[in-house]
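TrEMBL has this to say about the protein:
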- 284-313: coiled coil (COILED)
- 385-412: coiled coil (COILED)
- 413-481: domain 'J' (DOMAIN)
- 471-498: region 'Disordered' (REGION)
- 59-92: repeat 'TPR' (REPEAT)
- 93-126: repeat 'TPR' (REPEAT)
- 127-160: repeat 'TPR' (REPEAT)
- 241-274: repeat 'TPR' (REPEAT)
- 287-320: repeat 'TPR' (REPEAT)
- 359-392: repeat 'TPR' (REPEAT)
Amino acid sequence: MESGQLPVWRGLGLLGRGAESPSLGPGGCERRLLWVASLLCVLLDLQLPGLLAAGQAEIENHLEMGRKLLAAGQLAEALSHYHSAVEIDPKNYLTYYKRATIYLAMGKFKSALPDLSKAIELKPDFLAARLQRGNILLKQGSTQEARQDFEAVLRSNPDNTEAQSQLARVSELEFSMQEARTAFQRRNYLGAISILDRAIEISPWDPEAKELRSECHLFLGDYDKAILDLKPTTKLRNDNRGAFLKLSKLYYNLGEHEESLNQVRECLKLDQDDKDCFSHYKQVKKLSKQLEAAEEHVRAQRYEEAIEKYKAAVKTEPNVAIYTTKAKGHICHCLTKSKQPREAIDVCTEAHHLDPRNVFILRDRAEAYILNEEFEKAVEDYQEAKEFDGENEELKEGLERAQKLLKQSKKRDYYKILGIRRNANKQEIIKAYRKLAQQWHPDNFQSEDEKKEAEKKFIDIAAAKEVLTDPEMRQKFDSGEDPLDPENQQGGAGHQHHWPFEFNPFGSGNFHFKFHFN
């Protein structure tokens, strides 16, 4: 005992200042303990009304704060006050009920159920709690338990219209589910779906009804609707690994490997040793890694590396057709971008047969046809793609360009003049030009007619070299516009020709050529 601190009995003023503790004769120790205990009981009797009053005031304060926050829509904050009220007085049925209403407002019906059950346990004749619990059980599809609650309400209050109505809905739900199961067994999937639509209106939190409707959609080939029904069941059932795995496989078969990976990971979060989920995870992970690497190569314009990754992905998953179709489409794109028109046309045609409405495959094949100087086919592909997507600006521009190139091909084609392909580089252009310029040099010919023919050829060769070695002029020509055609020049001022040799093709007399091949 600290210095100056009075013993309990002195501090209470129950003994005189000079009084001593009872003597410790025979049995004195026991008598002293009994005596101190009696004093403590007196102390508690004196303080208990005050403690109870303080506790009740604190409960009322929490409940009042909870009501205000609830009215303000601050549900989480309101819930914390109801938690405190329950902790202070765990025997108050009303605080459990009020906390349950907060849970329901937050959509946490699973958390509301134990509070409603506790309120009913503390006050069995609390009809409002029974009605609320019965409603939750009905929405969960637990018809037997819901029926018991509604019947209990009607025993106490036979005229309760809500209990009467809900009891009728219990019977309707039981009948609907039985009818739906029968229709499913008879393979009447559309009929089962129609019945289940009504059942799910009554019991939106029943996983069985959603799972059965999901199965019906699967048999009808509607994967998207099957997924929409199956997804909520992952939360409606505890540890629903089966649903996560099924969702993962559905997404996988739809070609959505990223979402497939997300769903199978959720399964492994519940049990990392689940053999079925882990086996599927390894397959999806491998395929996703290959496809992601391919996409990264495409973004970096490493088309050859991208093609190899897409081919590897097809080997990883040869049995799901959508991955082969997508890979073919991407390889078609990569071959076109890497200026391999003949190979691109072959692969794009395969991809088009697999996915005939894919406008991107048609676009890429059209571009491959342009590279291969098959302009009519390019126009046809762009027109077909435009029929599927008439508002696509890229397709509109591509069609216009292909039409210009087709028209241009019937006039002067600088690539054909030099005998090179459209994807030729500058070095190849210069090499072809030198060879032809020497071949058609007018001094190589003797007769006047031959010189005139050589002169015409020479002008075309020089023009081709000028256009195709100038990046801006070549881009115009590749877009279907001849930069040396007076019709395409604004204000009548044509492009000024700077011939790469000292030669006036329109002069007369002897020809003297000095070539500048720089």
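Using N, Cα and C of the backbone, Cβ positions are placed for all residues, glycine too.
Just so you know, TrEMBL annotations are computer predictions that nobody has curated.
Source: prediction; values computed, not measured.
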Folded-back contacts onto the repeat 'TPR' (241-274), same chain, C-beta under 8 angstroms, at least six residues removed: 211, 223, 226-227, 230-231, 233-234, 280-281, 284-285, 287-288, 291, 320, 322-323, 326
Cβ under 8 Å, sequence separation of at least 6 from the ends of the repeat 'TPR' (287-320): give me the contacting residues as numbers and ranges. 252-253, 255, 257-258, 261, 327, 330-331, 333-335, 337-338
Distal contacts, the repeat 'TPR' (359-392) - CB-CB under 8 A, six or more residues away: 329, 332-333, 335-336, 339, 341-342, 344-345, 348-349, 351-352, 398-399, 401-403, 405-406, 409, 413, 415-416, 421-423
Counting by DSSP, what is the helix, strand and coil composition of the repeat 'TPR' (359-392)? 27 helix, 0 strand, 7 coil
Restricting to the domain 'J' (413-481), what is the model's mean pLDDT? 88
Under DSSP, the repeat 'TPR' (287-320) has how many residues in helix, strand and coil? 27 helix, 0 strand, 7 coil
Treating G and I as helix alongside H, and B as strand alongside E, what does DSSP give for the repeat 'TPR' (93-126) in helix, strand and coil? 27 helix, 0 strand, 7 coil
